[in-house]
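TrEMBL annotations:
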- B:12-31: transmembrane segment (TRANSMEM)
- B:70-93: transmembrane segment (TRANSMEM)
- B:71-262: domain 'ABC transmembrane type-1' (DOMAIN)
- B:105-127: transmembrane segment (TRANSMEM)
- B:139-162: transmembrane segment (TRANSMEM)
- B:183-205: transmembrane segment (TRANSMEM)
- B:211-234: transmembrane segment (TRANSMEM)
- B:246-267: transmembrane segment (TRANSMEM)
Amino acid sequence: MASITIQSITKTFGTVPVLHDIDLSIADGEFVVLVGPSGCGKSTLLRMIAGLEDITGGEIRIDGRRINEVAPKDRDIAMVFQSYALYPHMTVADNMSYSLKLRKTARERIAEAVGAAAGKLGLDPLLERRPKALSGGQRQRVAMGRAIVRHPKAFLFDEPLSNLDARLREQMRAEIKRLHKAIGATSVYVTHDQIEAMTLADRIVAMHGGIIQQVGNPLDLYDRPANLFVAGFIGSPAMNFVDGHCRSGAIETDDGSRIAVPGGIDLAEGQAVTVGIRPEHVRIVAGSGAGSYTARVDLVEPTGFGTIVHVRLLGQDLKIYTLERGAAEVGEPLHIALDGDRLHVFDRETTNRIG
Amino acid sequence: MTRKRIVLTVLHRLAILAYVAFALFPLFWLLKVSVTPTSLLYTEGIRLWPSRASLEHYAFVLTHSSFPTFFLNSTIVSASTAVIVTIVAALAGYAMSRFVFRGKYWIVGLLLLTQMFPLVMLIAPMFKMLSPLGLTNSLTGLVIVYVAFNVPFATFLMQSFFDGIPKDLEDAAMIDGATRFTAFRQIILPLTLPGIAATLGFVFTAAWSELLFALMLISGNQATTFPVGLLSFVSKFSVDFGQMMAAGVLALIPACLFFLLIQRYLVQGLTAGAVKG
């Protein structure tokens, strides 16, 4: 177990910069998820921690020791790859024990460690099989097993669930969380899936364009996204964004509707802003009243548990997520209300949160 | 429907049969002439099998000619060439496949360049270079020349095999505690066995049947390889076809044995299951 400190890390591939001045410290035992769209530099950062990519500038420390120049094998970390990267010519048991053999661990100790890991992951009956005789989920488990046998200082996960089907992904997600609870090892987990990030993380690091956009616990990012990128990335269905200007104490949208400025927010007259409204925070109300809007229903998407309703409002396609079935019919008018304290206001120029 | 299938299958098989017959007929003729007694060779013309077969040519080649020496020489030269080329090509091919380094394009270009010249052009300079070094008329000299000529192509061949192996495997091995070289040896090489077998086979056959350089660089009997030795059956006024063919059949044996040994790797797809298929 160890802490990981990342100080002003930069990375360029040739002349293309991919990471700009990244600072992050990960506490001992913490589960940190790096999340962002593809190309945001999250995998590169993980591979730099692993030692698989050179560090262009800055410093990475594991347990206080600078590891910029340390070979991957001497960093004492384990990594689970998206492709699993199992050694095809070795059995499951050999795959799992390879790292211990390289460390010249005694044979009895190896058998013990492999047995324990296999027990934890339910791999006992598969130990003598080759990877090609395993299903995707089983391969994923072997990859996990290979990481946990040797009790490394930290676990690195590079989109480990991306190749699994939805049901298996859910199951393995819970298993990873349980495993982390049991082992308590420092973990850095890369994913582009915000649900994985939300469910697994102690802390989420949202990245975009090689820059850290926000660091915080999952609900922080959901409740108070620091900028437009995080607001749009976290949450499903995605947040609605409405552009407008501050006009005489309210936000006037481009189609002329007015939204009351939420409390605690100071806006300059004429300031260009974007209002973020989560679909689940749009309320459907019985009749038109003060502060409510009326719109025609455009599209209804039932998801089983809830329903996504699209309406034409505030100059755009506004999504509403409701748990009430039959609350909306296509073509019918719908009355909705916005909760002031659940609105997010962003400066359109800087894209940063206001208030 | 089924009738159409049967007809198609029969046609398919017939086509394969024709192809195989076409490819193997020269070998059959080699065998046929090698067991035909000299007295019958011209009298029986193009009969498919002589009325009386004998092994007299084999006996003669094995006991009264220098062919055993030639075979030994060829085996030494071909095996050494194959092993050295494969080792060098495996390392070079790995570097080409995995590393970005300065001058990579130039090196690839130079490797390609060596494949563009007709070998005949290079015989004179080759001889000039080897002779002061005392490497003409020696098996070592021959091995050096063969290695030099086979490494470029073998490197490309090996590179394509390494390209087919996911980089994640070495990354995983290095994180597991291996150095890059250990990862190469324990993880990547075992997966490249089909490629190594193919390279070994290709280079071995190339060296085994090489005539031009052997003819020009070797003059004494003690360093002669068998392709050159075959020419000794051509005298000024006649060709001893029977003995020549017998020697030819014998020369096939090592190559056949070699491929028998490596064929299991040639057809194996070892990488299955490494990553999600």
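Cβ coordinates come from backbone N, Cα and C, glycine included.
Only sequence-distant pairs (6 or more apart) were considered; of these, fewer than three Cβ pairs between the transmembrane segment (B:105-127) and the transmembrane segment (B:12-31) are under 8 A, so the stretches are not in contact. Contact between the transmembrane segment (B:246-267) and the transmembrane segment (B:183-205) holds: at least three of their C-beta pairs are under 8 Å, each pair 6 or more apart in sequence. Panel annotation: around the transmembrane segment (B:139-162), residues 73, 76-77, 80-81, 84-86, 88-90, 92-94, 96-98, 111-112, 114-115, 119, 126, 130, 133, 188, 192, 194-196, 198-199, 202-203, 206-207, 210, 213-214, 217-218, 223, 225 of the same chain, lying at least six beyond its termini, place a Cβ under 8 Å from a Cβ of the stretch. Residues 65-67, 69-71, 73-74, 77, 119-120, 123, 126-127, 130, 136-139, 141-142, 145-146, 240-241, 243-244, 247-248, 251 of the same chain, all 6+ positions outside the transmembrane segment (B:211-234), place their C-beta atoms under 8 angstroms from a C-beta of that stretch.
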